[in-house]
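A.B. asks: Below: one structure in structure tokens.
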Amino acid sequence: MSTNEMNQKKRLNRSGSLSSHLTRSWPWQLTLSYLFFMLILPVIALLSRASDELFKDFWQIAAEPVAISTYVVTLMTALFATLINGFFGVIIAWVLVRYNFPGKRIIDAAIDLPFALPTSVAGLTLATVYSDQGWIGHLFESIGIKVAFTRVGVAVAMIFVSFPFVVRTLQPVLVEIDQELEEAAWSLGASTWRTFWRVIFPPLTPAIVTGVALAFSRAIGEYGSVVIVASNIPFKDLTAPVLIFQRLEQYDYTGATIIGTVILSISLFLLFGINFIQSLNQLYVK
């Protein structure tokens, strides 16, 4: 083969390699661009706006008594809602995957109702059902428990909107678990509970953590249903998202931005912490 032919072949190889690289890279570039403009840029803009007030009013506004009260109410009710959803989410996901019964498809479809229902409609529905004269609210009222327009109502709204995250995260994992492992454990004399904790629960742990984290994050940011089912009185049941909207209505953009930055920081901290725990769990499994 002559020198000219070899050089021409090298140029063709480089051209083909470049073309292949461009073909592979455009989906990656499109993905990065979409994530940057839809997710990263808004967060940067919020943090940038808040940083302008960092040495002026940031800590003063972020640590206002009413703001701290909303952080406590938001986090405590979201934590309570997440614990409830985590417990019942595992049970319901297990029942939907492992058992066949009449109406199963209807129940499975109903799990996604909070995704499809506008949050304002959800809040109106919950306020009606759990009010003192509502179908469920009057039962609690008879034993001295007021649900609507209290922190309990806030927790109920958070439970409603965040529940599907736990169930939908667990279902695919439960489907993949080989039932022969359970049968082997039973044949070796393991009880039902021992089989669950030693055979089923370990592979479910990452999915449970993910589902619970998503539910908690969703509960923290809930506004549409909470603003209707709560009284929104400061130091009683006012949540941080509602306070942010109240500040915007008062044209207090600085206060809304700072409080929003605090909630965003809490969410990011939880997100990174959970990802770190999951990475440690994967290393342990390997």
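Placement of Cβ uses the backbone N, Cα and C atoms for every residue, glycine included.
Under the heading domain 'ABC transmembrane type-1', Swiss-Prot lists 71-272, citing sequence analysis as support. The transmembrane segment feature in Swiss-Prot is assigned to 27-47, 77-97, 106-126, 147-167, 196-216, 225-245, 257-277; the stated evidence is sequence analysis.
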A.B. asks: Does the transmembrane segment (196-216) reach the transmembrane segment (77-97) with at least 3 CB pairs under 8 A, where each pair is 6 or more residues apart?
C.D. replies: yes
A.B. asks: Using a cut-off of under 8 Å between C-beta atoms, tell me which stretch among 77-97, 147-167, 257-277 contacts the transmembrane segment (225-245) the most.
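C.D. replies: That would be 147-167.
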